[in-house]
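As structure tokens, the structure follows; a few thoughts come after it.
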Amino acid sequence: SAGMIIMLIPTVMAFHLTTRNGEPHMIVSRQEKGKSLLFKTEDGVNMCTLMAMDLGELCEDTITYKCPLLRQNEPEDIDCWCNSTSTWVTYGTCTTTGEHRREKRSVALVPHVGMGLETRTETWMSSEGAWKHAQRIEIWILRHPGFTIMAAILAYTIGTTHFQRALIFILLTAVAPSMTMRCIGISNRDFVEGVSGGSWVDIVLEHGSCVTTMAKNKPTLDFELIKTEAKQPATLRKYCIEAKLTNTTTESRCPTQGEPSLNEEQDKRFVCKHSMVDRGWGNGCGLFGKGGIVTCAMFTCKKNMEGKVVQPENLEYTIVVTPHSGEEHAVGNDTGKHGKEIKVTPQSSITEAELTGYGTVTMECSPRTGLDFNEMVLLQMENKAWLVHRQWFLDLPLPWLPGADTQGSNWIQKETLVTFKNPHAKKQDVVVLGSQEGAMHTALTGATEIQMSSGNLLFTGHLKCRLRMDKLQLKGMSYSMCTGKFKVVKEIAETQHGTIVIRVQYEGDGSPCKIPFEIMDLEKRHVLGRLITVNPIVTEKDSPVNIEAEPPFGDSYIIIGVEPGQLKLNWFKKGSSIGQMFETTMRGAKRMAILGDTAWDFGSLGGVFTSIGKALHQVFGAIYGAAFSGVSWTMKILIGVIITWIGMNSRSTSLSVSLVLVGIVTLYLGVMVQADSGC
């Protein structure tokens, strides 16, 4: 009992003396290292010797254990003993700067690479993003020699050494490619052409790409999916990646005295371990043998990461629709008077966008990311997030809490971040591993990184949309043709999509008016190519207008205006018609594969046939256009009839079926696509 101890302050005592379970308990400071600790009891003066090597400053990181009674025997495997009565001792292990001890190693985390999550975005720690930007820099330098020379002059003037000049020049050119327009500046661009007479068209939108739609007597529209946000995802599990240990306590028993126990074992905040250790005369036991020992330490998490589950109904898609008006800077503005921002959610999948001067476009979207959220978890660590495999996440060997836990202290699997050292007779060292943030970054190699904005997670994936264009109309169809002169403000520039962009300015009278624009062969007999900016118009005199068009491969003339004063610009387009044909066909087939069952209308017999027709147009339209360019539509129909007739009369079954199919496709495309070619 407490009355057994006469706590008279001795002359040399600079430590604090209290009791623990009725036994004396010393709380020792760093200054007592190597000194004899004296205090009086009923049995006389008790002298304790403390030789602990880890004795440091008093802090919350403490060690508590019992110094055994030794009168005549030599101490063995102990660093504290007393000569009158066994005594508890507590001391801190912090350094003078207050730092805690920790184990400088990481948990063996399985790398995420190869876990089977295939997405089209760049993966964590891949060089793809840097390589893409290097390509953009190269293209920008080649297309903007004037700016490049200016950047070189600035770098030469500002820098004092060759290294500084080179670095400044690289930085200036690296910033420049980010200042581009919307669809023209995006390398992954898809052109979707509507079937003549159709009121709707299917498109596939994905991040990092742009879709340009064209249809007869309808404005050309640019669509870009700029953002997919996951709103308020639910937390599945929290993992601790950095922890600290405090209040370490050890209790031990001599052989045959049973298992030791501590009150801390009942507290879920503590991590504990039972072991066996050699005991004998040298450490306070009358018998030699194995004695039990238990050590507990309070586990506190300093930094954690969370795994969140995203439900498809929590996704919100943001699309920007921009009509090709020809106005300066019209293409590429997210907001303002040119572009219209549309929000799509599973709850409101049908939305309308009012395009000033062009009517209304209705979008019926199927919000699908193309990702199976049952197999995925969003791993969020500070300001970064990754898309990881669910099973990989659940198997991480780290302390964790259920997502519903609000207390944040009852961590499960705490021992994964704790190392119990080999036990001594009366004491056992426990250390916590260092921060696992770096190990997690390494293990996440190959996982898809997810961007964050205002606490919401930005996703990847694609969006399938059906555009209804029956309420759209072309602006300026009733205008007369411009009869005055045009001036080239900016020379013809080739885009990375095989199209050209030219900026012209009208100097004549009679605006607003329609701009006469044609692309012709060298003999000026046939109209070739197609206009991407449908029905370009001048709204006011001396106002620059951007026109985008797709010239044919090889030499051609671009003719703007009427005689006299007609602009005639020669243009040569590099490349192969056959190569372009196959590339476009592959794009169409890929688009149909992504659309899947949403491309088909099984609501009516007419809907089925319309869907089949649109599928044929999307996949085979490019081959057909390349094979029969310049051929009249009546001749195309005749060729289709002849191929079908030959197939029906062929004796070979496989050849007959093949020719009949080719003939039917040719007939259909000949009837339906006659209004899509030319300008």
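Cβ atoms here come from the backbone N, Cα and C positions, even for glycine.
What you are looking at is a predicted structure, and each value in this text was computed from that prediction instead of being measured.
According to Swiss-Prot, the cysteine that forms a disulfide bond with C285, out of C210, C240, C254, C365, is C254. Swiss-Prot lists a disulfide bond between C365 and one candidate from C272, C296, C465; that candidate is C465. Going by the topological domain names that Swiss-Prot assigns, F163 and N649 belong to one and the same side of the membrane. Listed ranges 110-123, 278-291, 404-417, 530-543; the one Swiss-Prot annotates as region 'Fusion peptide' is 278-291. Between C301 and the candidates C183, C210, C240, Swiss-Prot records the disulphide pairing with C240.
Of all the disulfide-bonded residues listed (C301, C465, C482), C301 has the fewest other CB atoms within 10 A of its CB. Helix, strand and coil counts from DSSP across the region 'Fusion peptide' (278-291) read 3 helix, 5 strand, 6 coil. With a cut-off of 8 Å between CB atoms and residues at least 6 apart in sequence, the same chain places R279, G284, C285, G286, L287, G291 near C254 (disulfide bond), listed in sequence order.
Using C296 (disulfide bond) as the reference Cα, a 10 A cut-off selects none from the recorded positions N83, C210, C365, C465, C482, C513.
A separation of roughly 58 Å, to the nearest angstrom, links the Cα atoms of C465 (disulfide bond) and C272 (disulfide bond). Checked against C513 (disulfide bond), the recorded positions C183, C240, N247 differ in C-alpha distance, with C183 being the nearest.
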